[in-house]
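The structure appears below as structure tokens.
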């Protein structure tokens with residue numbers, strides 16, 4: 001009996017209460033689960049297709065929910081109206097703004113884009129001239145070879161970009177019809193989803209939580225509250241920063257007299273959905289347009305960019321977004337690179353909020369593990 005107790009004590013000390021062994025076991029279980037799911041992936045194909053259909057309107061409705069919900073709450077309190085009437089009033093105002101945009105802003109934007117597209121060959125010719133000019137400079141042999149090789153590769157890559165593949169894909173009637181149907185379904189269903197989110201979104205956690213054991217409900221509600229706060233801060237903050245960036249670039253480009261300044265400012269605002277590198281990406285077409293003028297215009301564009309980055313990083317972002325996500329800039333860049341490589345543009349846009357949600361879940365799970373596990377003697381007290 002003592003021998004058995006000794007063996008049990010040894011097994012518990014070196015296996016059950018060993019952090020390394022526990023971590024390895026958890027890792028093996030996760031890998032085994034991923035392996036088994038990969039083997040039966042065909043079972044989930046219908047689910048993936050279904051999610052692909054509903055993901056668009058749900059994501060769009062969720063983004064607008066986080067944007068409009070504070071306005072609905074404020075209007076409901078101030079006007080003392082039923083929430084349904086408050087939502088309908090806001091929807092009516094939004095519909096009016098959309099009609100105004102279709103009547104005024106969209107035609108202007110279309111004219112700007114059409115004119116800008118017609119000048120792209122001239123801008124590209126100017127860029128080629130600049131590249132060829134610098135490639136003929138008398139650099140050191142290694143630098144000269146590198147410049148010539150890079151210039152040649154860039155020219156070859158741009159010349160290889162043609163619309164044959166795109167035209168070939170769009171020539172398929174079925175593909176085009178499917179795209180149109182998808183857009184129509186999204187535009188029709190997302191307002192309905194948005195309405196019910198605004199109307200009943202606050203009751204959704206309690207509806208789901210009633211199916212959980214009572215002892216788990218407080219933790220479940222607090223986790224959802226933290227996730228909701230993270231996503232809410234990110235969505236509203238990002239959209240506000242994008243709008244502020246568009247205004248700053250628009251004013252700056254107008255002051256220096258850059259052609260298509262407000263169109264480039266709109267592009268900069270849209271690109272700023274991608275944290276840290278969005279404004280830098282929007283600088284590429286601005287430099288291409290500036291090169292059609294003179295070198296001083298290029299310098300002025302760069303000065304506008306420096307001023308915008310200073311105001312954005314020192315004033316706009318801290319005021320509008322703060323540090324609610326608590327994500328290090330290097331982590332953000334790693335998320336953007338990995339999510340963009342795996343999931344493309346959608347991964348770049350959704351990578352940060354998905355990471356924020358996973359961070360909340362993992363931190364909660366870790367705190368629960370510290371509380372219940374004997375591996376952390378100091379973690380058995382409630383936080």
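In case you wondered, yes, glycine gets a Cβ from its N, Cα and C as well.
Listed in TrEMBL:
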TRANSMEM  20-38  transmembrane segment
TRANSMEM  50-72  transmembrane segment
TRANSMEM  84-109  transmembrane segment
TRANSMEM  176-198  transmembrane segment
TRANSMEM  234-256  transmembrane segment
TRANSMEM  262-284  transmembrane segment
TRANSMEM  289-307  transmembrane segment
TRANSMEM  327-358  transmembrane segment
Contact ranking winner - 20-38, 50-72, 84-109, 262-284, 289-307 against the transmembrane segment (327-358), Cβ under 8 Å: 262-284
Long-range neighbours of the transmembrane segment (84-109), counting only residues six or more past its ends (CB under 8 A): 68, 71-72, 75-76, 191, 195, 198-199, 263, 266
